[in-house]
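Annotated features, as they stand in TrEMBL:
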- A:35-270: domain 'ABC transmembrane type-2' (DOMAIN)
- A:40-60: transmembrane segment (TRANSMEM)
- A:80-101: transmembrane segment (TRANSMEM)
- A:122-147: transmembrane segment (TRANSMEM)
- A:153-176: transmembrane segment (TRANSMEM)
- A:188-207: transmembrane segment (TRANSMEM)
- A:244-264: transmembrane segment (TRANSMEM)
């Protein structure tokens, strides 16, 4: 290979990488538009968690004095982290269902017909979910913090929580996208959602693990959602400590990476089977 | 009008293309050569294998066996090179209803690597070309079926492809929208685009295609220019309707005038060896056999006759 052809190869690779990034951004933009243009679809994921937070705060306010319950200003403060996780669980299903709809209506084929990065098709869709996750997290904090739910870690802690919410959204979006890619059915994605909801209830989202016992505690101990919620909760209750920041970001990031790798594997499997 | 010089680099060449879905052989060893500048019609009923063949030629499906080159590149070995050179409007115009026409065209432009500076002009040009400028900023969900098809065509043209695949582009359209799409396809073809068109409409194939291939049960059963294929059928078809209890007597009479041809249920057809001149003789013989003719018509050979002759059945509900 001559110097000139090597330089041309490097330039071509750089151009192709640049184009892949441009394509992924364009698909992320589309995914965001879609979410924003379906208010009826996203409203439940915005308001149901708020409603649930208000309801549980008024119903369980006295549980904060149970032995093993952490020191909190109110049950609302305790439930702030679980509201974010609950909201992004709801929200990220919307993005995955949209991917399944793309497959159902043939729009996915249109994307495959173009000389695009296959990874970008998925990552663009997930980026839209992550952006929505950031937005949801910020919305929940803005609405709930004034109601006796202060974040001990302050504004930096709130920013980390928003970031973490986005990553959780990305992780759940990737898991649900795997279902979308495998089944190609929006109904199957929606049908898988109750499983996530069951996982949420069998976690430490609504009560600390220290107050649990028996099978419920054993499930919560191995339930990844417990660790997602507890990472965020550490920022609310403990403050802006190294441990709290790492816990709130590390667990979702690890789950996210595993979920994205799995979703990409599913995509490759689907494309190989064509 | 195009002239088709034989070339070693024909834009679409398929050789022994086979595709299985499980145990089902959807495409059974088809061979196609489409010449530069040609409109090639791929005609067949639902489930004949048209769309599967097109999906293989457009890189959406891998052939189980056989080879195909499109725009000079092997579809299995160099799919991205093929994708850069072809435009595809798939069946059902799969378009995101939440986006506007302009947004979709710009997304498509990015997917094909069209520089930002050219994107806006190209999108406007295409919207104007397909008559959607006024609806450009409306969400596609509000478009009529015809508007969606036209947008689909514009999307397929964003990167100025040399080969265009149209998979049943007019299915479900009203006659006006169908005619307008035909006009656009002719215009594109006159500008030099090679077009492969799949259709289940005989009239569409007859009107648009320079050459057609008829596919049935995954196999190509006839191929050629529509006029040659029709001439090959030879005699006109005499169609009659008689009371059901007189069918056998009528068949016996008709068989003396030519070979019986497949028809829609309830009528009988015969390829008249003596042409239209012998119709009066047929009627007289039927009368002598006490057959009461309820309806009679004589049709010049059509693509439906070609299809019927090749497959033993007619295209459902279609007439050329």
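Every residue, even glycine, has its Cβ placed from backbone N, Cα and C.
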By Cβ distance under 8 Å, which residues at least 6 away from the ends of the transmembrane segment (A:80-101) in the same chain are close to it?
31, 34-35, 38, 41-42, 44-46, 48-50, 52-53, 107-108, 122, 125-126, 128-129, 132-133, 136-137, 140-141, 144-145, 149, 151, 161, 164-165, 168-170, 172-173, 176-177, 179-181, 183-186, 188-190, 193, 196-197, 200, 205-206, 225, 228-233, 235-236
Intrachain neighbours beyond the transmembrane segment (A:122-147), with Cβ under 8 angstroms and 6 or more residues off its ends:
23-32, 34-35, 42, 45-46, 49-50, 53, 57, 74, 76, 80, 83-84, 87-88, 91-92, 94-96, 98-99, 158, 161-170, 172-174, 177, 181, 260, 263-264, 267
For the transmembrane segment (A:153-176), which stretch among A:40-60, A:188-207, A:244-264 has the most Cβ pairs under 8 A?
A:244-264
